[in-house]
Every structure is written in structure tokens, then in C-alpha cells.
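Visitor: After the C-alpha cells below, expect a handful of questions from me.
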Amino acid sequence: MDLYAVWGNPITQSKSPLIQRQLAAQTHQTMEYIAKLGNLDSFEQQLLAFFEEGAKGCNITSPFKERAYQLADEYSQRAKLAEACNTLKKLDDGKLYADNTDGIGLVTDLERLNWLRPNQHVLILGAGGATKGVLLPLLQAQQNIVLANRTFSKTKELAERFQPYGNIQAVSMDSIPLQTYDVVINATSAGLSGGTAPVDVEILKLGLAFYDMQYAKGTDTPFIALCKSLGLTNVSDGFGMLVAQAAHSFHLWRGVMPDFVAVYEQLK
């Protein structure tokens, strides 16, 4: 049976095995998908051994996306620009192909929410790895992006890298332009420690819809809770993005595009 896995550290919390099994059942694909704990010191050796033993592909989650990218032989454009991958596929010639389906997963989920139209103004909070993975698909969807981060130099470097692909402006967190934002996306990891991005609530009040790339089972993420406390109710966490990026990885491996909304509805 074709073997796939998700690699991360920690990994016990991962929903990927559950999601991928649902996608396989829906599309009548016979495959095994397991969670693998990556060793922080010897991840590269583990991953290469996994493929040498016959595995067909895998997902990569924190903290290994950049390290896995370095092991690949060929890359999609979106993985190359992000310098990180969340998906690897073993090609027929034995080479490893890296892709990054995070951004197309986000775009697909924004479409599900009916929050994506051309020429919108999108504010992204945070300029870390999560942001790098989503910028190209958002720009390809003709979104005008304001990218805000506490460290301006990091934001500026990222904006310059993606400028050839669309309209993107770098600002520091305390100099975000006062204008209406069709979608505000939280791409910071502050929620993992119970905090929120250091953004002025007056800026948030200018938003029309709010998306947190994090998700929390059975409760609101800190960012969603903050939005609701301000009376901003057009909100979504990132669980739909998680299912959608999984569906795009599945499509790369199996050549079949699942109905991600049906699986999202089953699992949410």
C-alpha cells in the first residue's frame, strides 16, 4: 500500500492523518497516512530513509518546512519563493519534488467563505514562515496586500521579494495605513502562547472580515476572541485552510482533487 506521512515536532496534535484518511475515503484511493515525529537533530536522515524505504510522499509541518525544502531536487514556483515546503512527492525517477500548498489552501478557503474578489485590500499581520507560504497565491488572486510586522526590516525584505508578482506594501505594526481592509489575516504565531498580534484595535475596526491562520478545537483563537470582543463577527479560523491545503497536497500525490468542503463539514 502506498505510504504517506506528516512530519513535525511536536506531532501528536496533528489533524493531518484524520483529514487525509477522509480525503482518501471520499475519492476511493487506497493509501496509508501516518504521523511521524521528526528528530530535531537528525530529521534529514529520517526523511531520506523514509523515502528510501518506499514512501510516496509526505507533508511537513513545524519546525521542518525550510529543512525539508533543502532536501528536494525540484520545486514548484510557490515553494521556491517561500523557501519552504509543506509537501514532498517522490517522482518516478526517484527525485524529491517540493511544493507549498499553504497559500493555495488559504485562497481556496477564502473562496469557500466568499471573501475573495479581485482587487481587494488585504492586511496581513506577521512576516514569518506562515506568511511566506501564502503571499504568491494571494497576489496571483489579484489581492492588494499591506504586510505588517513588528520588525520592519523583515517585512521590507519579504515585500521586495514578492513585488514582481503583484501589489504589496511593507509597513511596521505601528504604521499600518488607516483604510478599509476587505480581509485582515492573522499570520503571527502569538496565539500559540495565548497572545494576539500587537495591532491597534482601531485598525482592526477598519476590517470587513477577519481570518486567523491558526485554529483551536472547540474554542476561539485569541485573535478571533479579540475581534468578537470588538463587535467584529465576520470571522474564521484556519481549520478550512488546513483541510484545503491537505486537499491540494492529496491532488499532487494522487492526481485526484477531492471535495474539500465536504470533508471540512464532516470534521469541523
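Just so you know, glycine gets a Cβ as well, placed from its N, Cα and C.
Worth saying up front: this structure is predicted, and the values here are computed from it rather than measured.
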Visitor: Can you tell which of Asp2, Asp102, Asp200 Swiss-Prot lists as binding shikimate with Ser14, Lys15, Ser16, Thr61, Asn86, Tyr215?
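Guide: Candidate in the recorded shikimate site: Asp102.
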Visitor: Among Met213, Met257, which residue does Swiss-Prot name as a further NADP(+) binder in the site formed by Gly126, Ala127, Gly128, Gly129, Ala130, Asn149, Arg150, Thr151, Phe152, Ser153, Lys154, Gly238?
Guide: Met213
Visitor: Count, for each of the binding-site residues Phe152, Tyr215, the other C-beta atoms lying within 10 angstroms of its own C-beta, and report the residue with the smallest count.
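Guide: Output over binding-site residues Phe152, Tyr215: least Cβ neighbours within 10 Å is Phe152.
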